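Here is what Swiss-Prot says about this protein:
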- 1-21: region 'Disordered' (REGION)
- 41-59: transmembrane segment (TRANSMEM)
- 80-240: domain 'TNase-like' (DOMAIN)
- ARG131: active site (ACT_SITE)
- GLU139: active site (ACT_SITE)
- ARG179: active site (ACT_SITE)
- 236-263: region 'Disordered' (REGION)
Amino acid sequence: MGWLDFSSKSKKEEKDDTRPSFTWGDNLNATDWQHYTDPRTVIPTILLTTTILVSTRLYRSYLRRIPEAAYIRPGFFRKRSLFGTVTRVGDADNFHLFHTPGGRLAGWGWMPGRKKLPEGKDLKNKTIHVRIAGVDAPEGAHFGKPAQPFSAEALAWLREYIQNRRVRAYIYKRDQYDRVVATVWVRRFLVRKDVGKEMLRAGMATVYEAKMGAEFGDFEAQYRAIEEEAKKKKLGMWSGKKKDYESPRDYKTRTANAAKMLK
């Protein structure tokens with residue numbers, strides 16, 4: 001009987017020896033690329049990235065608060081509107097707006113941190129100066145110049161109409177005084193009203209007469225028709241004698257020329 005050779009390897013063991021050997025370091029540093037191409041990983045990643053990009057764009061375009069007119073991007077003009085609260089009416093055809101993008105849906109008026117708007121000195125550098133498009137109100141007393149007739153009445157009218165109210169301004173451009181020229185709408189008794197039209201209707205303003213830079217949106221013809229109606233009814237600034245009437249544009253031209261002559 002022959003001796004069994006225990007030192008010899010079976011064919012299976014010899015075959016196994018041909019497999020490459022791995023170390024623990026290889027296993028720890030190995031990259032499982034299949035994990036990154038697995039639909040269970042790819043699809044959630046794409047959805048999350050898309051959501052972040054869309055949310056960022058939505059915030060920048062519609063929900064980011066604009067503190068002053070200088071911060072309005074050129075691409076916004078004639079394409080976007082500004083919603084906010086009128087904090088101050090300093091003149092009869094312009095006012096200051098605290099921008100509240102998204103309105104109550106974005107938490108303005110009820111959410112902590114947005115429940116109450118700033119007041120007084122806290123509003124400095126936080127409001128947008130808005131010039132109402134298409135109309136010109138009687139000039140108040142400025143820089144030593146006398147006030148025009150009905151300037152006080154026009155200012156009081158505008159304050160009563162929009163002060164502390166939420167308005168929407170459809171913006172056209174920024175003027176030389178860093179004001180935003182806009183058609184402004186306000187809700188009065190649940191009805192949206194064009195503030196410029198209502199000023200003309202009440203005889204508290206004229207149609208803007210400047211030869212250059214006038215902005216009306218699509219309402220110039222309507223504005224002129226409403227002005228003519230107020231003239232016929234002798235409302236507001238049209239109630240005096242025709243010979244005594246001086247338009248805001250003529251007043252500004254006359255006082256500017258007088259100031260030049262004094263230099």
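The backbone N, Cα and C atoms fix where each Cβ goes, glycine too.
Listed in sequence order, LYS145, ALA147, GLN148, SER151, PRO248, TYR251, LYS252 are the same-chain residues six or more apart from GLU139 (active site) with CB atoms under 8 A from its CB. Annotated pair ARG179 (active site) and ARG131 (active site), C-alpha to C-alpha distance, rounded: 6 Å. Between the candidate active-site residues, ARG131, ARG179, the densest Cβ environment within 10 Å is the one around ARG131. The DSSP secondary structure for ARG179 (active site) is coil. According to DSSP, ARG131 (active site) sits within a strand segment. DSSP classifies GLU139 (active site) as coil under the three-state reduction.
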